[in-house]
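**Q** Okay, handing you the structure first.
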Amino acid sequence: MEAVAALMIKYRDEFETTVASLCQRSAALGIDALRRLQQLRRALEPQLRTKVAALCDLSPLPPTVHSGFILEAYMWTAVLLIALRVGQLFGALLIGPLLLGPLFNTGTLAGLTYVLLPVYFFVFNRKHAELTESDRRMLLLALALVLGATSGYLTSERVLPVTAPPPFVLPLVIAASAQVGLHPFTLPPLHNRQLQTLGTRLGRDRRLLLVTTMGASAGVYVLLGAVTGQLGVTYTLMVAIMISVSTVQLQLTTGDADMIVSQLSGLVLALYTQLVFLAVFGSSKYHYDGDDDVVPDPLRPL
C-alpha cells in the first residue's frame, strides 16, 4: 500500500507540475498575443485613417486617375466577375460534388473562400514586387475561378426570389460612363479662356465622376429589371446595395490608384455582396411538405 501511495503522490506532483507549466505557457502566449495585436493595431491604424480619408475625399482627382486607368481597371474587373460566375456554375454542378465535398467540410471551405484566399492573394501581391502586371492579372483570373468554384458549391442550395442583377454589368457601365465623367470638355476656340478652364476642371471633378458612373449604373440596372420583369422591392434593394458598395470601391480606387488592388477588391466585394444577398433575401432550395418529403422550392437560383 505504501508503494501505491507513493506512486499516487508522484503522479499528483507530476500532474500539478504539468498544469502549472501549462498555465505559465498560456499566460506567456496570452501576453505575446496581446503584444502582437497591439503591434498590428499600430500598423493598421495609419492605413485605416488613410482609407477613411480616401472615402471622404471630394477633392479633384489626381493625375494618376484618368479615363484610361478607369477603363482598364474596370474592364478587367468585369472579366474577373465573368470568370467568377463561370467558376460558380462548375462548382455547383461538377467540381463541388465530385471534389470539394469529399475533401472539405463547410466551415473550412467557407473560411478559405471568404477570408484566407483573398487575404493570401493580397499579401502575395504586396510581397512579390518582381511580378509584372500581366502575371498578377493571370493569377487574379485563376483566383476568380477558384473562388467561383468554392462559393458556387457553398451557395448551391440557396436561391433568391428574383434573379439578381448581373454583377459584371456594373464595372462595364462604370468603365464606359467614366469616359464621359473624366474626359475634359473641349470647347471651340471662339469661346473664352474661362470656359476652357471650366471644362478642364470638370474633367477632374470627383463628384462628377461619382454621379456619372453610379447614376448610369443604377439606370442600366433599373432598365434591365424592367425589361426582364424582375423590377420590384427586392431587386431595387439589391441594386441599391451594389451601387453603395461600388461607390466605396470607386473612391478607394481613385484614392489608391493601384490597379491590381482595385481589381482584387472588386472581385472580393462582389463575392461578399452575393453572400449578403443570399443571407438576407435567399432561402433554401428545398422545403418539406406534410409527409416530410423534400420538394424543390419554385425560386430562381442566383
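Each Cβ is built from the backbone N, Cα and C atoms, and glycine gets one as well.
Pulled from TrEMBL, these are the listed features:
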type: TRANSMEM; residues: 73-100; note: transmembrane segment
type: TRANSMEM; residues: 106-125; note: transmembrane segment
type: TRANSMEM; residues: 137-156; note: transmembrane segment
type: TRANSMEM; residues: 168-187; note: transmembrane segment
type: TRANSMEM; residues: 208-227; note: transmembrane segment
type: TRANSMEM; residues: 233-252; note: transmembrane segment
type: TRANSMEM; residues: 264-282; note: transmembrane segment
**Q** Going along the chain, which residues at least six beyond the ends of the transmembrane segment (106-125) come within the CB cut-off of under 8 Å?
**A** 100, 131, 136, 139-140, 143, 146-147, 150-151, 153-154, 260-261, 264, 268, 271-272, 275
**Q** Can you tell me which parts of the same chain pack against the transmembrane segment (264-282), counting only residues 6+ beyond its ends and a CB-CB cutoff under 8 A?
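**A** Residues packing against the transmembrane segment (264-282) from afar: 74, 77, 80-81, 84, 113-114, 118, 121-122, 125, 140, 143-144, 147, 151, 155, 158-161, 164, 167, 171, 234, 237-238, 241-242, 245-246, 249, 252-253, 302.
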**Q** Other than its close neighbours in sequence, what residues sit by the transmembrane segment (73-100), given a CB gap under 8 Å and a spacing of at least six beyond its ends?
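**A** For the transmembrane segment (73-100), the far contacts come to 109, 137, 140-141, 144-156, 167-169, 171-172, 174-175, 178, 253, 259, 262-263, 266-267, 270-271, 302.
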**Q** Could you give the residue numbers and ranges of same-chain residues that sit at least 6 residues beyond the transmembrane segment (233-252) on either side and whose C-beta is under 8 angstroms from one of its C-beta atoms?
**A** 51, 54-55, 57, 160-162, 164-165, 167, 170, 174, 209-210, 213-214, 217-218, 221-222, 225, 262, 265-266, 269, 273, 276-277, 281
